[in-house]
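Colleague: Structure provided below as structure tokens; questions to follow.
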Amino acid sequence: MSITTKTFQFGNDTVTLETGRIARQATGAVLCTIGDAQVLATVVGAKSAKAGQDFFPLSVHYQERAYAVGKIPGGFLKREGRPSEKETLTSRLIDRPIRPLFPKGFMNEVQVVCTVMSTNTNLDADIAAMLATSAALTISGIPFNGPIGAARVGFNDESGYVLNPSYSDLDGSLLDMVVAGTKDAVLMVESEAQELTEDEMLGAVLYAHKEMQAAISAITEFAAECAKPRWDWEAEAANVSLADALQSGYAAQIEEAYGISEKMARYAQLGVVRDAAVAALVTEEGEFTEADVTGAFSKLEKRIVRRRVIDGKPRIDGRDNKTVRPINVEVGLLSKTHGSALFTRGETQAIATCTLGTSRDSQMTDGLTGESKDSFMLHYNFPPYSVGECGRMGGVGRREIGHGRLARRGVQAVLPSEDEFPYTIRVVSEITESNGSSSMASVCGASLSMMDAGVPLKAPVAGIAMGLIKEDDGFAVLTDILGDEDHLGDMDFKVAGTAEGITALQMDIKIEGINEEIMDIALSQALEARTHILREMAKVIGYARPEVSPNAPSMATIKIDPEKIRDVIGKGGATIRSITEQTGASIDLDDDGTVRIYAADKASSDAALLKIHEITAEAEVDKLYKGKVVRLAEFGAFVNILPGKDGLVHISQIAEERIRAVTDFLSEGQEVIVKVLDVDARGRIKLSMKDVTEEEKAAYTE
């Protein structure tokens with residue numbers, strides 16, 4: 001096999017695709033290089049589908065190797081383990097735009113493996129992985145209606161849209177968006193933003209689609225040089241006689257069942273109709289198997305529901321295309337949590353809780369970009385009971401990780417800075433009922449629970465899921481889609497944001513792309529729905545509570561001179577250990593002089609704060625202090641006025657009259673009130689007792 005390479009310019013980056021040198025036994029393999037990022041994508045496709053298989057078994061695995069940045073993995077085994085959250089999210093990012101481009105009816109197993117071989121810590125390798133996957137599929141011969149292109153977009157007021165920004169570029173960006181699509185249409189969007197307008201978000205999608213054309217053209221040219229012959233595969237012809245039998249015998253009953261608005265009752269009735277069809281059409285000698293009938297029945301269901309929407313009839317639950325389901329909001333329903341909310345929208349329901357912790361509770365991660373500390377976590381749980389099913393319980397699945405990340409993107413932009421609110425925040429969304437858009441219910445619940453916990457959000461956030469039914473003779477954009485509309489429709493378009501703008505946008509297309517008009521309509525309807533939901537939420541709670549929950553840890557933060565850190569710690573940690581033992585508080589010190597104090601109650605944190613103030617305080621001229629005489633000398637007395645700080649009361653400053661001996665007036669251990677006269681350049685403190693008037697002594701309080 002000969003080696004083929006293709007080099008092209010993609011914005012400011014030079015991209016090289018190579019095949020024929022590495023992983024030659026895979027069905028398709030491409031090494032993509034963008035700057036320092038080198039990602040190997042391999043594709044293997046089974047030549048035939050497993051007997052009786054009724055789904056497309058596509059799996060995508062993105063894996064980061066520590067050697068890619070010259071590191072040895074941590075831990076006892078010193079090798080990579082289970083996929084990180086970043087690897088899981090990127091695997092989903094690659095999967096979503098390629099899945100709709102395999103032809104309907106293709107059931108052969110396909111596995112994509114993307115391995116980051118080399119990169120630098122300022123670059124995300126996901127775009128290289130997506131381009132490598134696109135190229136590997138396009139040259140593999142597997143039926144695939146690509147290629148796709150992919151691009152990351154940043155945005156700021158000075159530069160406008162920025163193509164494929166690095167991590168450092170994204171630090172000042174108002175947008176982080178990844179877009180994938182074909183030559184003609186957009187297939188996938190994943191983004192988080194700082195309250196951008198609908199026009200700015202749509203502009204970013206269109207900008208990315210325009211810029212990715214260079215990559216799509218290059219992959220097409222690359223495939224022309226080295227692609228394997230396309231597999232001789234054709235979809236199995238539809239069984240017309242079975243379709244006709246179902247249409248004539250059961251279409252009316254299916255349509256009647258879809259008039260039932262309550263989900264479980266509707267499913268039960270559809271089950272009755274399906275069982276009747278199977279019983280009537282499947283016989284031992286018959287030409288139809290049970291799998292044939294149930295498969296054709298599902299296709300008829302889909303066709304009926306979609307046709308109803310296109311024809312302008314009411315949706316499954318009786319709504320029109322723009323109406324949001326009834327909303328119910330409760331906060332503070334769980335007594336011992338720091339913040340809680342119950343958000344219900346139709347038959348979708350989430351209980352969100354907010355827990356406040358210390359900086360020691362923050363999430364530590366160690367990836368290719370190095371170690372990082374995350375003080376905000378949002379975890380999404382989707383138990384099987386939420387859809388009335390029995391199911392596997394245990395570890396977190398890819399879907400839960402993806403939905404949790406989307407909900408996190410939705411609220412990230414409104415979080416206070418650590419300086420404003422130095423707590424670690426963990427939000428957990430428990431989906432207790434699901435019938436569409438549970439991730440957007442999690443956004444609403446997260447916003448509500450944090451406000452209930454006293455987290456000073458910049459603004460409340462709400463989310464909504466939009467859907468699409470598109471046929472040759474028209475299309476309809478649906479607001480607040482049900483689970484069935486998601487399953488039977490062509491688009492899942494989720495938007496989260498505040499009253500001012502969008503904070504997260506996710507789009508997945510199940511057909512071969514949509515155009516600008518559809519996206520514009522979807523964004524417009526989403527704005528209307530989001531505004532409505534925010535109004536409903538504001539009826540219950542519109543701002544953060546003025547105080548954090550009494551169940552939350554008490555926290556105080558002060559800034560001290562970094563030179564004073566050693567004084568707070570003390571010899572061998574004696575001072576800080578003493579403060580902790582006396583007050584019960586925990587203390588964290590940063591190199592920049594930031595001191596964080598955590599305690600179970602305010603009294604403990606205040607006591608620790610006072611002690612640190614005393615240790616780090618500087619003597620102020622003309623200020624009164626109550627001190628203790630620590631040593632006597634012929635020329636005066638040394639008085640301790642602050643922890644670790646002694647000053648001298650000269651014999652002439654002890655009393656108005658002339659005294660013969662210091663011991664006539666003072667003794668060691670005696671408490672006295674003194675005034676600071678001066679602090680010289682070497683830090684020596686001059687004190688006076690005689691300059692303190694009787695009135696000042698009487699008025700002085702510690």
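Backbone N, Cα and C define each Cβ position, glycine as well.
These figures come from a predicted structure and were not determined experimentally.
Marked as Mg(2+) binding site by Swiss-Prot on the basis of sequence analysis: Asp486, Asp492. The domain 'KH' annotation in Swiss-Prot covers 553-612. According to Swiss-Prot, the domain 'S1 motif' annotation covers 622-690, on the basis of sequence analysis.
Map these features onto the structure and tell me what's around them.
Modeller: Note on Asp486 (Mg(2+) binding site): other Cβ atoms within 10 Å of its Cβ, all shown chains, come to 18.
Secondary structure of the domain 'KH' (553-612), assigned with DSSP and counted as helix (H, G, I), strand (E, B) and coil, comes to 32 helix, 16 strand, 12 coil.
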Colleague: Check Asp486 (Mg(2+) binding site) against DSSP and tell me helix, strand or coil, would you?
Modeller: helix
Colleague: Helix, strand, coil residue numbers for the domain 'S1 motif' (622-690) per DSSP?
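Modeller: Split by secondary structure, the domain 'S1 motif' (622-690) comes out as 6 helix, 36 strand, 27 coil.
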Colleague: With every protein chain in view, what's the tally of Cβ atoms within 10 Å of the Cβ of Asp492 (Mg(2+) binding site), excluding that atom itself?
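Modeller: Result for Asp492 (Mg(2+) binding site): 22 other Cβ atoms within 10 Å.
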